[in-house]
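> Sharing a structure with you now.
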């Protein structure tokens, strides 16, 4: 957890000292999947990975679906509030005249993965490579606005949050109809993932990113969509072991990149222990149910909370909103944990705190 505290320390210190071209606020660029999406897929006409319908957003400001895959806020939304900045808007919602290019953008897309083939059955989504290309275009817009030198400094000073890899398992390797799960052993697959990620992170570095936080995977074997595969509805230990191997390999990758790339400050945020403790001990944090979701979903047809799904009455009792995504209340606990880890940096990282 020391790596997590280092990552968050970089965030706060950057927020306090960085001076981007047009604002003294922290500038953040976010890459990810449905855990951090804020509405990019709303603009993809044929995407099947969308959350722009009820009951998504029922607890968000205004009570309407925004494209966030939860009943309320993402962890990114909550952290942005704690940092005193607005949650960055979705890239596909912007025109080149928008000031958001200078204040932060969210490129995350539901269904996205590290590998291009991940989530292909969603028809449209922004893969990690697509998101990197969007960032490349963003830099071109910034350069046109403020000039080459200022643009380079701007992207060097910004913070980059990356959270990908979950779909490479849940919507690729673990799916019997996807080729990767049939073609590769897990050792081969995790090597493919991390070698691809190596190239992608190197590309982002060449585009100017220096302060990068990569969010490791949580215990995917314990999410509702995986538990239903067990006769006892218990966590799938094999899946969790694979996740831990991916996390370990990714940590080593980031350490290697920091050694080889001048000025790189790539950090790994290990949230696996905190999420697992929340799932294993829900009552300690004010929850009642962690083995199924608030929205009664059909995991055989995607596991999303559709308008005809049955929603639970007490949403605050559930760790999970749908078959894949945490509830607003769980996201609050996990976001609080990230900050409490930083504040207690002189001592071992504490477990998440219960709701007040």
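Each Cβ is built from the backbone N, Cα and C atoms, and glycine gets one as well.
The feature signal peptide is assigned by Swiss-Prot to 1-18, with sequence analysis given as support. The feature active site, nucleophile is assigned by Swiss-Prot to 34. Positions annotated as N-linked glycosylation site by Swiss-Prot: 116, 291. Residues or ranges marked as active site by Swiss-Prot: 322, 325.
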> Return the count of C-beta atoms lying within 10 angstroms of the C-beta of residue 325 (active site), excluding that atom itself.
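Excluding its own Cβ, the number within 10 Å is 27.
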> List only the single closest residue to residue 325 (active site), chosen from the recorded positions 34, 116, 291 by CA-CA distance.
34
> Given the recorded positions 34, 291, which one's Cβ is surrounded by the fewest other Cβ atoms within 10 Å?
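Counting other Cβ atoms within 10 Å of each of the recorded positions 34, 291, the minimum falls on 291.
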> Looking only at DSSP and grouping its letters into three states, which state does residue 291 (N-linked glycosylation site) belong to?
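SS state of residue 291 (N-linked glycosylation site) = strand.
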> If you count, for each of the recorded positions 116, 322, the other Cβ atoms lying within 10 Å of its Cβ, which residue has the minimum?
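Among the recorded positions 116, 322, the lowest count of other Cβ atoms within 10 Å belongs to 116.
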> To the nearest whole angstrom, state the Cα distance for the pair residue 291 (N-linked glycosylation site) and residue 322 (active site).
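Computed Cα spacing between residue 291 (N-linked glycosylation site) and residue 322 (active site) is 11 Å.
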> Any idea what DSSP makes of residue 116 (N-linked glycosylation site), helix, strand or coil?
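Once the DSSP labels are grouped into three classes, residue 116 (N-linked glycosylation site) ends up as coil.
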> In whole Å, how far does the CA atom of residue 322 (active site) lie from that of the residue listed as 'active site, nucleophile'?
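So the Cα of the residue listed as 'active site, nucleophile' lies 12 Å away from that of residue 322 (active site).
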